[in-house]
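Copied over from TrEMBL:
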- D90: active site (ACT_SITE)
- D276: active site (ACT_SITE)
- C103-C108: disulfide bond (DISULFID)
- 72-386: domain 'Peptidase A1' (DOMAIN)
- 1-16: signal peptide (SIGNAL)
Amino acid sequence: MRWLVLALLCLQLGEGIVRIPLKKSKSVGELMREKGVPEGVLKGLKRDPGRKYQFSNAVTYETLTNYLNSFYFGEISIGTPPQNFLVIFDTGSSNLWVPSTYCQAPACVNHNRFNSSQSSTFSDIGETYTLAYGFGDVSVVLGYDTVTIQNIVVRNQEFGLTLNEPSSPFYYLDFDGILGMAYPAIAISGYNTLIQNMMQQSQLTESVFSFYFSRNPTYDYGGEVILGGIAPQLYSGEITWAPVVEEVYWKIGIEEFAIGSSATGWCSQGCHGIVDTGTFLLTIPGQYMSAFLQALGVEESQEGYVVNCNYVQSMPSLSFVISGTQLVLPPSVYVLNVSNNGVCTVAVESTYVSSSSGQPLWILGNIFLRQYYSIFDIANNRVGFALSA
């Protein structure tokens, strides 16, 4: 089995199509607790996950609440010769940034740092920019260099080199930086995103990328991101396509949400869902959270939304109707057994941020995407879902 997994990770689908293995880390909460960080600090990091999708021309808001749970990351290289970094491939943001030697903060020193003086292809832009988080800002200076992802090589790619990072929680994170894969509308103005340059420099066979998240992830293999196409062996059945309703995020329409066999009617006037590989949990509109928990018989505690593990098999499935197709999440997918005390956690959180046009907003994160292989079709502005293999 080990050799089979290794062969799968190394398999190239063809020129211009690459499969990048994703590792799955412990949650940041677990990592911080292992380092003796007080619970009060962890609670202070909590923010409304919907804040990630609010932005202005001056500052980009990318709340790390989404990364405080478990997360998935893969390797890229920047510079000549290449310097390696572990990044989150994040469909909920659009910028690329990594720690740099310009930054002497502990959070930077504890990670791989880009050294511009050691790259013959680096050129300085000099413009500074701020990534605003709820608990502190990450400041970056912009530069150009070559970005390599396996056999994909993108030249003169703009990216952010950190100047400063707050220690909490960045010091504790297993990944180095973030590679945004959303639309250019939320990227730093005046520069191409990495995905744009991949297409303009003919590095992709098709203007498509896709994600597979394993239902039984390990640190060494949590899933894959496929650039330039799809991997049919990683899903089964038909693909359900949903048009993007706003070319900012990978935002789609949700027509109905059901708990068990009962339609809730919460989306009778229309809901929106952002398909976000940088968010772990399933995020529910805040106005429905109380009714949702009551319907599931779930209690809130310091550990989150908990339920007796013995009851999980009898819990209802959750269903989203998207483009007329019912996409079902069984309790085995949305309930996690993360402790040994017989208490399971329902992998949800709430947001009080609405879609820009007023509809209730859902965030379809890794929990949803473990069940459904996801395809991001840039050329046709649509997202596809198929049952994961």
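Each Cβ is built from the backbone N, Cα and C atoms, and glycine gets one as well.
Feature annotations (TrEMBL) mapped to structure.
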{"residue": "D90", "record": "active site", "CB count, 10 Å": "25"}
{"residue": "C103", "record": "disulfide bond", "CB count, 10 Å": "22"}
{"residue": "C108", "record": "disulfide bond", "CB count, 10 Å": "25"}
{"residue": "D276", "record": "active site", "CB count, 10 Å": "27"}
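When Cα-Cα distances from D276 (active site) are compared across the recorded positions D90, C103, C108, the shortest belongs to D90. You'll find the Cα of C103 (disulfide bond) roughly 23 Å from the Cα of D90 (active site). Between the CA atoms of C108 (disulfide bond) and D90 (active site) there is a gap of 20 Å.
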